[in-house]
């Protein structure tokens, strides 16, 4: 049997040969080239052995060589290894010699036994056994298998520790602890001795109902005796988008699981773990181990409404499973439950897995989030819990533990792996063990003996003396017996008092402590919480104070001082010993009897590297998943750099290493290329200002690798890369070895010593060039940059073939070396040369052809770049002619004239060399200049290729153009030159386009590391996954992981509140429970309700026309207009507030509802026509403030907010506290009441008014409905404006369901209004006072309609005639309520009349138009005209300014109201000067709203202070600009109906069921995912928003059930990963009918024209475009695009609609298509779509259309603004729509422009194939002028660099080249007719004289002219 190895393609060919075709063969799992002497040299062997010392060693067991069969003799270990390495790499295995060799060696031994240990193949083993038996050996029975080797990708180094004895390194830790959302915050709690216990948070459960009264003999069912705990206040916060979780799923996921994700991610980040970066972080070698002991969330919270994610969200097995799933780890995941020791048990399992080699990295943690009150009740009833507060560890009064919450995660590796991977190490675990207290008196009690056994075990396993332990972190739950028992076991083990040699010396103190006294007992997370504390202690070198002893130390503890043991009552310094380590014992036990303990020690000290980092430029990366997180990450980095500027370990190189190689990178990216830390900070600030990284790359960029040709070499090329990069140096060394093996000159010296360059032969230089390029290729690939296509110039094409896997390295070197040697042998150096000329081939021929000069065209590099070749004399002869023709030229420094006849003598020999080469199929396309095309098949290569490559001219331009046409090259790609200088890549850019980014690999006189840094920075920000570890590999001093700021999460709260205390009633008989409801007389429907403990919103509505509410809202009539009183809003707010009390966490009886800041914004008039009139109330709950902000608005018929009338703030207040406060003010109020009553009997101005008199007194102001007349009498002091009233509700109807009847509220508040409108000093004919709301309404008890109440108020004047007063409400002597800050505004009577009647008109008449509201555009079909139509042509004579009617009317209103003549209201008139104050502003704005329908805020007159600025302001609202009138003379012309019909454009409106379906699909997606519809943009990835397989099932099921859409359940969101792709799929499923015009379907020449603007069909401007009766010009209006649809795929939506519309008019071709501007792009796309279906295109006309080779550039907003401002859109476009001259642009126009451009932005049109159904004639019509060439003001310069795009220049710059431009690339090989509309620009060519020229060109194209 023979073993044969070779490269796979070669081996395949070998096995196909006749000799081996029938041989028995099988593959071996060997994929490296072993036993290959042609590949390896002695130098390779020495490289492998370079780390092995040459130590003398004696061989104990003889080693028999597998190559010779003889015993290896070696004096040193290094020699023995050399023999082994040589046998592996260079020598053949001689199985036939092994067995005889062994037998020969042992044959002289006196009797020996043979025992087979199975380490070799059975055949070889049998041969050896047979040979030994023949030599006299005795066979022993049985077979011993070799030790089982666990698979691991870790390769231990010579100094590594055996795996089973390795220390376990803790790399990092992250956690959430009570009052500590981070590790640093946790240290703050510890070092300050903070006790974090408090009553249960309202988000957990209501302590008032769940904590029983301890004074009772027996606690109520399911209540506990304590409400204390240590809580995570931010447990609800989570970044769902980061973890691809939908807002629907996130609340259902247990907060413990969510926090485990957050902390695991933070821990991995701090550890610098990038999955897959090293062998120990391969995803299948990572395991996750978590301790968790309860399922609170799914038992209590999510179980209240079980949904799709109930199981994966709540089951604790998903805690580690979710981490594995998110990071795609495929190692084991375990959830461990051993009660209180769960997390330490998980840690134990993880350590065991590391020691056994089951995993190489372990993620370990514990979680404890308490939301189920039952667990607390059970623990309390089991006497576990303290009823007095926190864990009082070591306290004499300790009475149990306090439950605590925590989630923490740490990352572990074996120490050897961590050191090898340059990981940060915080501490090391030496040993960990677990046992059980089997002998304990109770299962829940620990056993001293068992714990002592455990401590002895871990100390022995760790090899640590008990006196070396300087600190013990106790379990320390806080019971007298438990603390005493644990302390006894610890001290007996660590600080015994006998025997004497075991006693601690004075310098060996032991400290004990427990974190539970600070943060409670974290139960399943208790162990990792203690570990977090100790890690912080090691980091801070401090033992924090113990805060558990509240009274005195537990008297049951052993005597501590006698054992040199102490409890730190204040912070104690704990420095690391010099040249030593601190060692700690941590103890953790379980209520179920388990005990776990571990030994921890300091991390090994990291040696300082003195090797400097020679790089000048360093790259610093910041990335995030969302723009918000990116911004905060940058800010955090800046703050960190400021804080750590003096840190000793902070260097720019280490910052670069940590932020690049040791971070997982996200889509939103910022990269800084800096030379100092200060420049990093400056660049980060710039990135913030410019919002860099706010948009994410749309994908990974594609690269073209360009390989330099001959002539660019220079001395020192690649020298710095050779010196600085090990991989590059190794590649060059390997190529040098191949060169020598193939008998070519060596090349390595050119990279080591640049001085050797001068003496190098052409062969050496050419070999060095291709070796350099191949090494560069491997360098880029190592860095993660791979090409999608390659191109090489001349010699560089060989390296390109290697990059494309066509040739091997050896084959490239063989061909290039042979070619060069043949040239040296057969061609004379220096006899020929080459000349680079700046010209195109045609002009060159024109210049040189007539002269008869001889030359050869060697290279066609670009449109204006060619290279000539010939003899030196030929070249010198033609140079003068070229200079006379102004063709710049340069002689190239080359020894031969390549690609000319000079090389012909070598072609036959070169072909012979090539025939021995294997050419493989290209792995990527090869853009081949040798053939001027793209090569993709193995058949494209061979010996013939090599010959033609040598002789043919280099047609670089043709090859690149071919690649462009095949879409293998475009300007969105990136290009890298692989060679000494960036030469070829410039040629690529010329064809690819100006946006094509180019990068060099090397430049003369520029450090290669700087070049590399610049390129990688660009690649990274474009989305490339750079292999940063390789980038930093050769710079060891940089490889230190810094503790950078944690990821800035984009946190939102997700919480399901436990409600209604249902846990208290488990097992009870069903009860009819009265729930707080919202519906009533003033609230008819709950639209939506998300109120909860953490916040939320509520939307309710009421129909004011409904019979139960309608009378209430017509209670006050002012000037005959029924107005709704604020009391209606108050009742709604009180109802909402009462409902919200259940979420406050307080008892409902304790809290009252306050209606604060009631602000009346506008009058609400109730209609009387019986039609529905909806009042909507929106309430937003602020959980922290316990308040709700409310707005009250009416809706229009479409359900949209029409007008907001009022707003207020609902507050929850403590009733008893408010009662106490009011009680203190009651005496003063009662005193004032008494004084008023006494004044009635004295001479003065105080009078009492009866009920009849009260309402009669204000009758001319307001008519009160009887139900609102509850004031029985008032006593009024007109001088003091003070009054008291008596209120009685016996005559007020009690019908209806209210919180507080609005009539009651209104009556109690009326006193203030009567004081202001009924005092003797008021003149109601001139002025009156209206209610503007109040500051506060508090009712301490419900209003009793059977009682009589007293009210008191005193009004005081404020500013601007606003009067306020506090109305106190008394029930007898008791104050039961107060209206604080009741506000009444003085208003002129006529203004009030305006306000009221304007409100009435808005409600009952035509509502005024709100400024800026989009207006519906009505498109009508052309009418059938039966009479002569007169058209007019207006000829310009003069222009004069004229004001818009709205402006003149507004000025007239100001004139009338102010009394100032309109003529005097000039632009510079100040409103202050003419007395326009806030009140007059209200009147003016009211009239403008009423008469003009323009909604002007009265506050505008306080901000806009002059008439001129007011006009500008008003124009902004109406969308108009200052206009000019045109004085014209009019010519009338009659047109017949036939002529009119023939000249008109028929509009087509695209409507479609598909978009309706899509809208519903969006709604389902939003509903099921919880994402707002507005966030479902086209580029949204479903995976990013958490649409997983479960949600996919739900969505697909609903689509099937509701819309009969049959979509794949499992793969829908895999096949269509973005919103845009799904929309294309959905809209493609459903039909999109179009309405087409009824134009003459029998016409001979149908054409399609695609205008971008609305065109009025009667416009004479377009008459020249009309054809004769038998010819129809049909317009298909563009698809009405909106911003929502702008990101959708073009082909699937807009294009389909065009084609459908066209084929409704004309089912089949031939078609004549035309389009103007972007419409030309659409016409081109429609043509291709029709051709694809087999339809024929007769003609295609493109009218001033930009070529869509690379999509259309976006136009900046300032372009549109400028066009509007100078009149292009207001003037030119009005000519297109003459009936609306100078009018405001349609609302749809700008969005349509922008959406069209956005639609076509990514449409890179493919070339049109040259098929039989392609257009027979292609016509391109350019506009001859430019709009900004004089007629209109030029566009001002951009304020930002890069804002002006090439696409904008198409419209803003005068065209000078009227050729086909880039359209020629889209019609390869086709002739394009070109016409120019002279004297017209882009926007005017479609009308008037432009249209006359255009019509002629169209007729010519259509063949309608003779």
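Note: Cβ is positioned from N, Cα and C throughout, glycine not excepted.
The feature region 'Disordered', as given by Swiss-Prot for the ranges 115-136, 137-158, 159-180, 181-202, sits at 137-158. Counting only same-chain residues six or more apart in sequence, the Cβ atoms lying under 8 angstroms from the Cβ of residue 475 (active site, for beta-ketoacyl synthase activity) belong to 340, 446, 486, 514, 516, 526, 530, 587, 588, 589. A helical conformation is recorded for residue 1306 (active site, proton donor) in the three-state DSSP classification. If you take the Cα of residue 1116 (active site, proton acceptor) and the Cα of residue 1306 (active site, proton donor), they are about 10 angstrom apart, rounded to a whole number. In this structure, the CA atom of residue 521 (active site, for beta-ketoacyl synthase activity) is 55 Å away from the CA atom of residue 1306 (active site, proton donor). The Cβ neighbour count for residue 1116 (active site, proton acceptor), using a 10 Å radius over every protein chain in view, is 19. Long-range neighbours of residue 1306 (active site, proton donor) (same chain, six or more residues apart, CB within less than 8 Å of its CB): 1115, 1125, 1126, 1127, 1268.
Applying DSSP to the region 'N-terminal hotdog fold' (1084-1217) sorts its residues as follows: 24 helix, 64 strand, 46 coil. Taken residue by residue with DSSP, residue 475 (active site, for beta-ketoacyl synthase activity) is part of neither helix nor strand, so it is coil. In the three-state DSSP classification, residue 340 (active site, for beta-ketoacyl synthase activity) falls within a strand. Averaged across the region 'Product template (PT) domain' (1081-1397), the predicted model reaches a pLDDT of 87. The secondary structure of residue 521 (active site, for beta-ketoacyl synthase activity), as reduced to three states from DSSP, is extended strand.
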